[in-house]
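Peer 1: What TrEMBL lists as active site, glycyl thioester intermediate is 98. Taken from TrEMBL, the feature compositional bias 'Low complexity' covers 200-216. Sequence annotations record features per position, and here TrEMBL assigns compositional bias 'Basic residues' to 219-232. Annotation source TrEMBL lists domain 'UBC core' at 14-160. The region 'Disordered' annotation in TrEMBL covers 163-232.
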């Protein structure tokens, strides 16, 4: 695999091997309600999708997220970002995530699986004391009903479109037009056009011949009539 525009060149080979092993294990056996999409180009950036937990304002939504492993990983924690817009005390307006495991509680042996599970738990138990979204943190403490309403509204708008509340593989690219590149179809089509033109020509020729024949018959009848009058 080739990796570019990443921290791969800054990480020691033994760390890269550990990251690759863990990412492969996550992709093959992800935590419940979480889908992992390893990047073919950058092993230091992990894209995921997290199902909104039942019983929360995020239920029914699928939230895209990415983890970025810095040059000091695993001594330093990864950075987490929500790519799907979400109304949550611990998620900033640019998607940045504030959770202790990504800060002071980080330990190198915790691993990426623990990080993903912690972020999913954050959707169940937000922490208003370390709020990046101050409005969401205030509503969570003062007016939970309004907080839940706002959170659910944004979930409906941003996290349900095209997913129907279920994790799915990313859609493939645009499909080619049917038969657009099939030379046999083009030949067949050309044949139909040619045959159609020939049929029209034949029809026109036939009509012209019929019209000429009718004219000759009328002229002959007039001549015969004149001859009969002369005899009288």
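Each residue, glycine too, has its Cβ placed from N, Cα and C.
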Peer 1: Mind checking how the domain 'UBC core' (14-160) divides into helix, strand and coil residues in DSSP?
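Peer 2: The composition, in the requested order, is 60 helix, 25 strand, 62 coil.
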Peer 1: Are there any residues at least 6 positions away along the chain from the residue listed as 'active site, glycyl thioester intermediate' with a Cβ closer than 8 Å to its Cβ? List them or say none.
Peer 2: 90, 91, 92, 130, 131, 132
